[in-house]
Every structure is written in C-alpha cells, then in structure tokens.
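**Q** Quick one: the structure is below, and I'll ask about it shortly.
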Amino acid sequence: MIALLRSEWTKFRTVRGWIAGSIVAVLLTAGVGLLGAAGTVRSCEGPQGNVCPEIPIGPGGQAVTDRFSFYHRALPGDGSITAKVAGVSGVITYPPPGHDQIVPGVVPWAKVGVMVKRDLTQGSAYTAVMVTGDHGTRVQDDFVNDLAAGGDPWLRLSRTGDVLTGETSPDGTSWRVVATTRLAGPAVVGLFAASPCDVTLGQGSLGGVIGACRLTNVTGRFEHVTVEGAAGTWTHDDVGGEPGAPSLSVGAARDWGSAIQLTGSGDIAPAGIDGGAVIERTLSGATIGLIAVIVVGVLFVTAEYRRGLIRSTLAASPGRTGVLPAKAAVVAAVTFAGGLVAAAIAVPVGLRLMRDRNNAIAPVTALTEVRVIVGTAALLAVTAVLALAMGALFRRSAAAVIATIMLVLLPQLLATASVIPAPAAEWLLRVTPAAGFAIQQSIPEYPQVEDYSVPALGYYPLPPLGGFAVTCLYAAAALGAAIVLLRRRDA
C-alpha cells in the first residue's frame, strides 16, 4: 500500500493541471470569503452618530439578549423571594392574518417570575424561576440553561452562601426543588417580566421564507410576594431599555401592597442571529472552491481512463483493490492541507476586515473556531473523495463533475438561497451530501429561543458532526461501489 501511495502522490504532483487546480481551490476559498468580508459594512444612526450599540455578552462569552422589566431590591447576602403568579396577559402587535390590529395575547416564550441577578448590567449572571406563555414553569440561568419545572404558579428563589435554589409549588405549602445554581457576592432580587417578539415565517413568492418579528409585551400579576434578606426599597428598571422606544415596549410596575403588577417586553436569552456576524461568513468562498476541488478529484481518475494509463496502474496492484483507496488518500490529504491553509487565512483576516467596518462579531469559543476551520478543510477533503469515486463510477469527466455538483453544491445553494420552502430546504440538508456544510455552523440553536431557525439564515437541521457524517457516508459508499465495479469491469 505504501508503494501505491507513493506512486499516486508522484502522479499528482507531476501533473501541473492538478496542482494548479488545487491552488485555485485555495485561492477561491480564501479570496471569495475575504471579498465578502470586506464588503460587509454595518451602519447605525442615532444620537451618538454612526456608533452601533454593543451587543451584550453573557457569562459564558456568547452574545445575548438581555432586555426586560425588573422590579427589584438589593440582596447583599443570603435571602429569598417567594411569589404566586396569579395571572398572565399580554399584547401582540399586528399579527396575521390581517396584520392590522393590536390584539390581546401572550407569545409562547413570554415569561414572568422571580429573579436574582448580579447587577443591572446587560449580560450579567442571573437565575430565574418563571411562568411562561406556553411552556409551563421553567428555571433558567445565565441565558443558555433552561429546565422545565411543570406548571406550578408558586415560585421561590433562595440563596444561601453562593448557592441559589429554585423551587415551585402548587399551593405555596409543599415545595419542590427544581434546580440549584451558583451566584456569589452582592446581587439584586425581584420580579421580572419579558416578552420576545412574535415570530412568524411566511412563504415568499419564489419560495423560501419571509420572517416577521412583531413587538409584544406581557403583564404578570403577582400575589403573596415575600422577600427575605433584601435591603433598600423596591425600584423599577427597564434593563436594556432604549430612549425613544415604542410605548408598548416600555415596562411598568404597579404595587398595591397585596399584589404587584409588572409589564415588560424584550427577552433574556441567547441572541441567535441577532448576535452579530457569524464566523462562517468568512468562509463563503468554500462553496466556490469546492467546484475546483470536484474537478481535480474527478480528473485524478478519469484522466487515466482517457489516456489509457489505467491499465498500467491496475497492473501494479494485484486485485485492483488498493488503487482507488490510494488515490482517495492522496487527493484527500492534498485537499485537506489546502483547505486548512485557506480557512486558517480566511477566518482571522475576514473577521478583522469585518470588525474594521463596524460589524459586531458573534463571539464563539476557541474550540468552535477551530472546529469551523478544520471542519471546512475536512469537508473539502471528503468532497474530493466523493468526486474521485464519481469519476471512477462514470469514467467520464463531464458526467462525474456534473453529478457531484448536483449532489453537493446544488442542494446547498437551493437550501440557503431561500428559493425553496424551508421544510424542503431542511430535508435536502438531511439526506444529501450537502448536509456536511453543517460543520461550519458556529451558533447553536436553543429550544428556548423563538428564532428564524432555517437554513437560509445559517441554521442546519443536523448538528455539525452529524451533518458531516452524512457527507462521509456518501463518500464511503461511493468509493466502495467504485472499488467493487473496478474489480468487475474491464479497464
């Protein structure tokens, strides 16, 4: 096998066209991505001129939305808050079908409840026990953690030392511990209300999706509110509120002593697509670079058929079983190395270009950035193997190139260009080799966030490694079929 690998590598590096094609793939992958990054400019207008607001960053380093109505007191040490949610109501502006009325209603992830938060700074750590519009009672903390807690209306959040305990009760007498978290140091404790926008996805005239996000608010009525260990008087704040915001998004608190009514808008959650430009935007050139990769992969085998050299190659491999694996290893290694160089240039340089043009960048962990870079190179390499296998199956360059493009690139373009309905787009990205593009998705989807989770906006139906595994299965199946046919057919 070593001799075959050495022989195939010698062939590859001595054919100028294959080397040139590999270099073109690198240049396209990096170059197109950098051009796109350089052309991405963010502009904002406001009282401070062209200064865009900073996107809040949560305790875990991710971009978050942190805007809500908060009726609170100081919590210097140990303490607790207990309340019964006696009622929840709300308003939705201009919902379908008429889009012409402001109607009563509560969106599914509207939330009212009790909270302990480090301070009033957007993005600071917190834990909350809440009643939602359509998802029952929940315990959430630090924006990304969400735990179902049944449907009890009584809520309690207590702190001992740095341990916060969230509890619920059906009657205010028997309590059930739902979750414990940690939050040390001085904090604020109180009641909160938040209501994200009403999200709907409509069908475009040419297919695809048209999203709408309509303003909402929620009002919670709290009874039997008791607070222990708190200091100071009750104070109301619109955390994250903006000057000149629509009146329906402005929070309000009414305290009758026996009951408290709190109205609010906004959300407390991961920011999703609103969290800034994603790092995979710098790798938009990978789609174009794949065309060169596919051509090189196909020609690496079909050129030998066209010139009659395949007989000599097969003669050096008894049983014929080692030829295609050796070719696949060589083309995969070359493509992976080139793709790694291209992605390692495109991502950091592209991000710098976008930041210089006033763009906010959705923060990701170093591990995620490495996964996107290495995953892109791996996707190019596996596609090269698939193209090689298609070339061996078809034995015709044009047919193999077209077939591979239709398997890999066409589904990706149809799904992400918003020209087909979202369900069809998701289906394509589950069952075709284009599923592997999920390896580039850097922002996870959170079930507690009502977002536009469609391929056209960068959300893939399969997890990154799951989608990549689909592409690998296609490449392995095609290569296996090509090896079997190579043994059975005449050269």
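Backbone N, Cα and C atoms are what each Cβ position is placed from, and that goes for glycine too.
These came from TrEMBL, pasted as-is:
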{"type": "TRANSMEM", "residues": "283-303", "note": "transmembrane segment"}
{"type": "TRANSMEM", "residues": "324-350", "note": "transmembrane segment"}
{"type": "TRANSMEM", "residues": "370-394", "note": "transmembrane segment"}
{"type": "TRANSMEM", "residues": "401-420", "note": "transmembrane segment"}
{"type": "TRANSMEM", "residues": "465-486", "note": "transmembrane segment"}
**Q** Using a Cβ cut-off under 8 Å, which residues of the same chain at least 6 positions beyond either end of the transmembrane segment (401-420) come close to it?
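**A** Distal contacts: 204, 206-209, 287, 290-291, 294-295, 297-298, 383, 386-387, 390, 394, 426, 428-429, 432-434, 436-437, 455-456, 458, 471, 474.
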**Q** Six or more residues beyond either end and a Cβ under 8 Å away: which residues meet both conditions relative to the transmembrane segment (283-303)?
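**A** Distant Cβ neighbours of the transmembrane segment (283-303) are 12, 15, 17-18, 21-22, 24-26, 28-36, 309-310, 324, 327, 330-331, 335, 339, 342-343, 346-347, 350, 372, 376, 379-380, 383-388, 390-392, 394-397, 400-401, 404-405, 408-409, 412-413, 440.
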**Q** Do any residues of this chain, six or more beyond the ends of the transmembrane segment (324-350), have a C-beta under 8 angstroms from a C-beta of it, and if so which?
**A** 1, 4-5, 7-9, 12, 22-23, 25-27, 29-30, 33-34, 36-37, 279, 281-283, 285-286, 289, 293, 296-297, 300-301, 369, 372-374, 376-385, 388-389, 392, 479, 482-483, 486
